[in-house]
Structures are given as C-alpha cells and as structure tokens.
C-alpha cells in the first residue's frame, strides 16, 4: 500500500526545556529543544503546523489519574518533601538524586505541558484537521493511575488514547521503547477497543513486565501483544519480528488511529539501553506503519544519550514527512549545541555487540503471537454509549486556569490484586523501602480497562461507590447522635 501525503502538526513548547529532574537523573526534558533546533536548521518545520494547546487542567488529567495523586503532584515542592515522606513512598516518588521520579521545581506544570501535546494532538486528529501528530516531549508510558514510575508522572499516552476513543472505535498503541510499556498496557488490559503492542527487552530489566503470555484478560484477551527481546537486537532481527507481527495486527484489528511511543533508548550506545539499532532501523518501524494510511500520533519516550535521541527523532520526523535529510548536520545546529561534534553527522554507527536473539527464538515468539492474533473475533464495534464532549483547544492561551478541585476521588483505596511484595496504601511501614518499578500492579475492571465502560467509566463507578459509602457513614453517625440524645433524655428523667 502506497502512503498518501499527510497533513502534519508538530507540538512544541519552549518552556519544556527549562525543567530539570536534578541530581544527575538521566531523563532530560531538554531533548525536545534539541530536536526542534535540528529540525529548524534542516528547514523541515515549514512542512508542519506548529501547535501549542493550553496546559491540561486538573479535571482533564483526572479523567484517568486518581484525584489524590494529581493533587499531591500539584502541591508537593522540593522544600516540603520532608513533610511528605509517606506520601512520597505511596506514590513511588522521592528526592532528586535518589529516585527515578524525584520532586523538582515546577513538576506539576511540566506534567500539564507535555500531556497537552498528546491530548491536544488527539483532538486535532478527531476533528480531521491533521492525520499526523508529533509530540517528542510525550510518551510517558510507565505512569500508572495513582503512581509515578520510570521517570513518568502523568501518562499522556493514556489521556491521548482516551481522547481518540471519543471519535474512533479502535485505537492501536505500538511501543518501540526498550522498556515495556506497562502503564499503557495496564490501563487497557481489559479492553477490546485498544490493542497494545510492545517490543522490549525482557528479563532482569525495568520494569520487569511484558511476558509473552501476558495477552490481556476478559474482553481484552489477545488484544495485548508483548514481544520480549534479548540484548543486542539489530536492524535485521528487529525487522524479522516487527513486520509480520504488525502486518497481522493491522489485518485483524483495523484501527482508526495509531499511537506510537518511539523511545530512542533502543538505539545502539544508549546510556541505559542494550539494543543495537541504527537510526534507520528505528525509523523503519514508523515508516512501516505509515504505509497503512491510518492517522498517527508519534510520541517520544525514553532515550538517554541526548545527542543520539535528537538525531533519531529529527531523522524520523523527516522520513514521516517524506524527506530524506542530508547526513551532514547544518552549521546552524552545530553552533547552537556542541553535542554533535563527535561526528557532525545525523546518522549513527552501530557497535559490534553480540546479538543474543537467534533466528529460531525470534521465529518462535513470532509464531506464538500470530497464533494468538488469529484467535481474535471479527473486528469489534464500539457499543452505543454517551460520548464525552471533545476538549477545546486554546492554542496560545498563556494564562493559568483555575483548577477544578474535585473532592472525593479514589483516595488510596483502589481495588487491586496484590502480590506478596506489594505495599498496601492503607498499611504503609515508614521503615520499609520504597516500592520498585519491577512490582506489577493490576487494577481490577472497575478502575482499569476501557472495555466495559472505559477508564473514565471505571473512575465514575468508583466515585459512585464512594458516595454510597459516605451515605452509609452519614446514617451511622445519625444513629450515634440519636443514641446520644436518648441517653441525655434518660439522664434528665433521672
């Protein structure tokens, strides 16, 4: 299938590059600024619509995330972390230099800004304004509903997919970050409207999830695809497993929109990665799906060797727009940043590291995945239900909005299936070390999947139950007051 010419939009906010995780943390929001610089000097940005929606509000973020978690993100500051030790442990956060998800200045504003690119981009796709969105500052795929994880606080991917589901019956999520996309998978594990496909390193590697046999549950069975890979994946090996799996996914699922997390930590030489992909091999994953002519939202993700992350996402932006950028980096980009002086070239060289993925292993997991996909029923249709109104876009609204401080919420009593090493939110031990990302948390249907009411529907049901419990408590308090009045009358008669 020949790709059609696309109308593209590019999300960028200059403020993003000013935020810093601190303490030598390998996650650098500054990457998005470097990509913008390269694209500007390559003269690519004249082919896209630049957009900058307003930051997401409290109400919009809590369409997926728990109220109390978002309130904590909004109120916590580095100056007050000592007063919130138990809360930090509960939400899997900590101090700069000690935790993957530290508290830093402007944390909540940072989350509001990067999530606006994904939600706003999804809204533009829904309105038919564009069919290709770039948000390289997004892709925070580890964040859970009420927990930070792996440098991620707010899951902009889930929020963007929920927006797309207002218009599209089925949405496909594809993750080529070296780490498993556990936060997105968990959110839609019970849904047949969202298929999640993750290609990742598996085995003694963060977050420790994404086994081949994790295929979804209930209505979402076989709509979750995990491709566990080993060290040293090169371009040919990746292509060997990627193309047949994705071709089958597109055949059986037929999505109305595609969301991709394009973490560049799967590149050769990444600071935290152990794959051996070239920029061209990484980009091939996007280009392969582009041929199916389905609206796409392309997001960032991991990537911790900044100069190579910027090179990769710049190259991929060009390729998705039909431009093969010259290998020599423009002089203007070299003057702005000296990160590229190692080679002064856009493409990178791969290493001679050993590829632990044999052809037999790749063929075996491919066949098992294809068998699971073959068991899917005919393309599902979306049930008749109320569709929430689309989010409004105020592209250049600089003013800070009043946040809707909704009460109630989940508090810390989410229904969950616990493992032996999972710390209960209601029974925290101050002396117990913070929970690690390798512990898998699985929310039950009421608060997890889109299937059977959706992530938003699950939140609403939880709130209804909370209201019911509150009514019960009110009745109990009224009975106590009546007993007290009766005792008072007895004393007066005596």
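Cβ coordinates come from backbone N, Cα and C, glycine included.
Those TrEMBL annotations? Automatic predictions, nothing curated.
Some features that TrEMBL has for this protein:
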ACT_SITE  142  active site, proton acceptor
BINDING   100, 150, 304  substrate binding site
BINDING   177, 179, 265  divalent metal cation binding site
COMPBIAS  377-392  compositional bias 'Pro residues'
COMPBIAS  405-422  compositional bias 'Basic and acidic residues'
COMPBIAS  430-443  compositional bias 'Basic and acidic residues'
COMPBIAS  459-494  compositional bias 'Basic and acidic residues'
DOMAIN    26-317  domain 'Histone deacetylase'
REGION    376-494  region 'Disordered'
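Features per TrEMBL, on structure.
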residue : record                             : Cβ contacts under 8 Å, 6 or more apart
177     : divalent metal cation binding site : 139, 141, 200, 261, 262, 263, 265, 266, 301, 302
179     : divalent metal cation binding site : 141, 142, 150, 200, 201, 205, 206, 207, 263, 265, 302
304     : substrate binding site             : 26, 27, 28, 265, 270, 271, 272, 273
Starting from the Cβ centroid of 177, 179, 265, the recorded divalent metal cation site, name every other residue in that chain with its Cβ within 8 Å, sequence order please.
178, 200, 263, 266, 272, 273, 301, 302, 303
Which of 100, 265 (the binding-site residues) has the most other Cβ atoms within 10 Å?
265
Which Cβ among the recorded positions (142, 150) has the fewest C-beta neighbours inside 10 Å?
150
Setting 100, 150, 304 aside, what same-chain residues sit with their Cβ within 8 Å of the center of the Cβ atoms that define the substrate site, listed in sequence order?
25, 26, 27, 142, 151, 179, 206, 272, 302
Site diameter for substrate, Å, by largest Cα distance between 100, 150, 304:
13
